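For reference, the structure discussed in these notes is given below.
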Amino acid sequence: MRRRRAAVAAGFCASFLLGSVLNVLFAPGSEPPRPGQSPGSSAAPGPGRRGGRGELARQIRERYEEVQRYSRGGPGPGAGRPERRRLMDLAPGGPGLQRPRPPRVRSPPDGAPGWPPAPGPGSPGPGPRLGCAALRNVSGAQYVGSGYTKAVYRVRLPGGAAVALKAVDFSGHDLGSCVREFGARRGCYRLAAHKLLKEMVLLERLRHPNVLQLYGYCYQDSEGIPDTLTTITELGAPVEMIQLLQTSWEDRFRICLSLGRLLHHLAHSPLGSVTLLDFRPRQFVLVNGELKVTDLDDARVEETPCTSSADCTLEFPARNFSLPCSAQGWCEGMNEKRNLYNAYRFFFTYLLPHSAPPSLRPLLDSIVNATGELAWGVDETLAQLETALHLFRSGQYLQNSTSSRAEYQRIPDSAITQEDYRCWPSYHHGGCLLSVFNLAEAIDVCESHAQCRAFVVTNQTTWTGRKLVFFKTGWNQVVPDAGKTTYVKAPG
């Protein structure tokens, strides 16, 4: 598997002329044909599978209708006047996406909807900007990863920008299990591709700073599969929890705040309350320190129907919650509560309280406890996270700190080379680099470290505007350095 993907990425990097390379990367035609099968033919259904084709068509139609519902669920944020257009495709001559030819909607047998999908009644918002033409001369292709349905690659556009490409993984479990069951590769591709299309629609409809940006998409005929779909999105770094536990509390708090803002947006989205059925960290990425959801094919908008509260049990591995059944026959707030508890068990409990400023711990503990008990909704949770941000950013969390009586000599436009020591958590693995609100906090930190004899205030700031400071064991090697200020502990 790895050998195959490495070869794919190498070919991808060499040219990526869409008419040929996308065929190799994303189409089953890149696989050797079976004995007695022409390279462009689809696998024929085995004995007894004719009835199975009807089941496959039913599943395709079900996913197609889901995509249509999300597409016409009202204008997304910032949407202008709705325009008639093919679902997620701009009209010929439009300002954004370009196709090498007009789209052809094909009607498969057995009652399945055509592919690509037919037009919806309205636009999901301003169209993405990139299309097939943007991918003609990409470079530096790298395989990022794959899941049940999709494979993700990292490429660099001719202008230098790095983006992510998503497509149905022809070696993946989703497509493979479908082909084994129904023996219809094209139909199974359409079934899997509707999940990618659903994600594309939701990325457009749910646009938000903590939702991955959709830059564009491309439909391309491939060997044996017409109109294979590739989406072009913002590129992020995978969420590695072990690495995050070694970062500063300030950066970990930013991730939790990002998540709180995302959940608030999902609870009040233009489509209604959206729940993420798969909430594992791998469904998110980090972009410049901000957490963003990237995988939306398992998102659900509809609340759970019920006839009584007995139907409204929210189940998790460690515990269950009982929610009320509304008079309208829906479990009240189940989508919101599911998101919130998953945020608690996957993120808040690990990232929020540890190594936080002592004066903020009571507030942070209350956030963790309340989300773990589902005592708060997303509105109150976000309000408390924003309060913690205000206290931290304004320096009010320092109101109970006592200023040190130690005196420090100020040496402007200077720095100390070497003489480092390690502390945790630090922004620098080889030294002690921490953020401080002001000079008084820097002195307090130095006084609390037995080995600290000096510190250097840099000209760098964190996302909250706090200064980054190097703490040192001495000042034997003070050198000129414009923009930095060294403070050394006075003798005595």
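Yeah, the Cβs are placed from backbone N, Cα and C, and that goes for glycine too.
Just so it is clear, the model here is predicted, and its values are computed rather than measured.
Looking up Tyr148, Tyr153, Tyr217 in Swiss-Prot, the residue bearing an annotation of phosphotyrosine is Tyr148. Checked against Swiss-Prot, the residues Ser171, Ser177, Ser359, Ser426 yield a single entry marked phosphoserine: Ser177. Its own atom aside, the Cβ of Val144 (ATP binding site) has 17 Cβ atoms within 10 angstroms in the protein chains shown. Residues Val144, Gly145, Ser146, Gly147, Tyr148, Thr149, Lys150, Ala151, Val152, Lys166, recorded as contacting ATP, have a largest CA-CA distance of 14 Å. Residue environment of Tyr148 (ATP binding site) contains 16 other Cβ atoms, counted within 10 Å of its Cβ in all protein chains. In this structure, the CA atom of Ser177 (phosphoserine) is 14 Å away from the CA atom of Lys150 (ATP binding site). Spatially close to Ser146 (ATP binding site) yet at least six residues away along the chain are Val152, Asp169, Ser171, Gly172, judged by Cβ distances under 8 angstroms.
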